Amino acid sequence: VELSARRAGCSAAMKFAITLVRHGETRYNKAKLLQGQGVDEPLSEFGFKQAKAAGQALSKVRFSHVFSSDLQRAKQTASAIVLNSCGRELEIICDVRLRERKYGIVEGKPLTELRALAKAAGQKCPNFTPPGAETVDDVQARAKDFFYYLCHLLTQTGKDNGVPDQIDSTAEHSGDFHTPLEGVSSVGSNICDINDGNSDNAKDLIANVLVVSHGGFMLQWIRHFVEDLKCPLPPSFDPSKVFSVCPNAGISRFVITFDQVVSSSPQIVCDYIYKCSHLDGIGVQQDVFSV
C-alpha cells in the first residue's frame with residue numbers, strides 16, 4: 001500500500017510511538033510446542049508473572065491506544081499492561097491481523113518437528129512452509145497491512161488520540177479490558193519503568209500505541225521495518241539476533257515519523273528491541289531462538 005496515498009490531506013509532520021510486546025509464557029512455550037492459531041492456550045502462572053512485570057515496566061508510559069491479537073495469551077498480556085497503564089482507562093482493541101503465524105499440520109507439535117520437516121525439504125526455518133501453514137510472506141503481508149492501517153488511523157485522528165467508532169471489519173472490542181485476570185494485579189506507577197525513549201519527546205507524539213502479539217508475527221513485522229524501511233538498530237543491540245524470535249514478554253519500541261513534504265516511506269527509529277531486563281527478578285527466562 002502506498003503510504004502517500006493514505007495520508008492525503010495531512011499538512012504537517014506527524015510522529016507516533018509503537019511499543020510492541022510479545023505475550024507471556026504458556027505451557028506450550030515452556031515445552032517448545034508450536035501454538036500458531038489453532039492452539040488458544042492461556043498464560044501459565046509464570047506467564048502471568050511475566051505479563052505483570054511488563055505492565056510494571058511500562059507503568060509510566062501514557063498509552064493512547066492498545067491493540068492485541070484476539071488469541072487469549074495476547075489478550076491476557078495486554079490486560080496486565082492496561083491494568084498498570086498511566087493515565088486514563090484504555091480499551092483493548094482486538095484484531096485478527098495480529099495473530100500468530102498459522103503453522104498448519106505442526107500446530108501443537110514440537111518445534112523440532114518443524115525443523116525436521118524443513119531439513120527434509122532442503123529448506124531452513126522460518127522460510128519453510130509446512131502443509132496448511134501460512135507462508136512468511138503471508139504473515140508479513142498481515143503485519144504490513146496492520147501497520148499501514150494504523151498509520152492511516154492515526155493521521156486521521158491526529159491529536160485527538162481517539163479510536164473511531166468503526167475501527168475495522170477485522171477488529172473487535174475486547175470485553176475483558178476492565179476485568180482483573182487471575183494472577184495479575186495492578187501496581188503503583190513508581191515501581192519498574194522503561195523510559196519513553198531517547199528518540200523523541202513524548203509531548204511531540206500524536207499517539208503512543210501498545211501492540212501485543214506473537215513471536216512469529218513480530219519477527220515479520222520487524223523484518224519489514226529493518227529490511228524494507230531501513231530502520232537502524234540501536235548500537236548496543238546484537239544484529240545477529242534481530243531476526244530471532246522475541247522472548248516471552250519482551251518489549252520493543254519504535255518511533256515513526258511522517259514527512260509530509262516528501263512522498264515516501266515513514267522514517268522508523270528503534271529505541272530498543274527485545275528488551276527483557278524487567279524479567280530479571282521473576283525466574284528463568286526463555287532464550288531468544290531462531291526458527
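All positions are counted from 1 along the displayed chain.
Just so it is clear, glycine is given a Cβ too, placed from its N, Cα and C backbone atoms.
It should be emphasised that the depicted structure is a prediction, and the values quoted were computed from it without experimental measurement.
What TrEMBL annotates here:
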type	residues	note
ACT_SITE	His23	active site, tele-phosphohistidine intermediate
ACT_SITE	Glu100	active site, proton donor/acceptor
BINDING	Arg22, His23, Gly24, Glu25, Thr26, Arg27, Tyr28, Asn29, Arg73, Glu100, Arg101, Lys102, Tyr103	substrate binding site
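This view paints the features noted in TrEMBL onto the structure.
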| residue | record | Cβ contacts under 8 Å, 6 or more apart |
| --- | --- | --- |
| Arg22 | substrate binding site | Thr77, Val212, Ser213, His214, Gly215, Met218, Cys246, Pro247, Asn248, Ala249, Gly250 |
| His23 | active site, tele-phosphohistidine intermediate | Leu43, Gly47, Ala51, Ser69, Leu71, Arg73, Ala74, Gln76, Thr77, Val212, Ser213, His214, Asn248, Ala249 |
| Gly24 | substrate binding site | Leu43, Ser44, Phe46, Gly47, Phe48, Lys49, Gln50, Ala51, Ala54, Arg73, Gln76, Thr77, Ala80, Asn248, Ala249 |
| Thr26 | substrate binding site | Gln35, Glu41, Pro42, Leu43, Ser44, Gly47, Arg73 |
| Tyr28 | substrate binding site | Leu34, Gln35, Val39, Glu41, Gly108 |
| Glu100 | active site, proton donor/acceptor | Gln35, Gly36, Gln37, Ser69, Leu71, Ser213, His214, Gly215, Gly216, Phe217 |
| Arg101 | substrate binding site | Gly36, Gln37, Ala133, Glu134, Val136, Val139, His214, Gly216, Phe217, Gln220 |
| Tyr103 | substrate binding site | Leu34, Gly36, Gln37, Gly38, Leu114, Pro130, Ala133, Glu134, Gly216 |
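Its Cβ taken as reference, Arg73 (substrate binding site) is surrounded by 29 other Cβ atoms within 10 Å in the chains shown. As a whole number, the greatest separation of Cα atoms within the substrate-binding residue list Arg22, His23, Gly24, Glu25, Thr26, Arg27, Tyr28, Asn29, Arg73, Glu100, Arg101, Lys102, Tyr103 is 20 Å.
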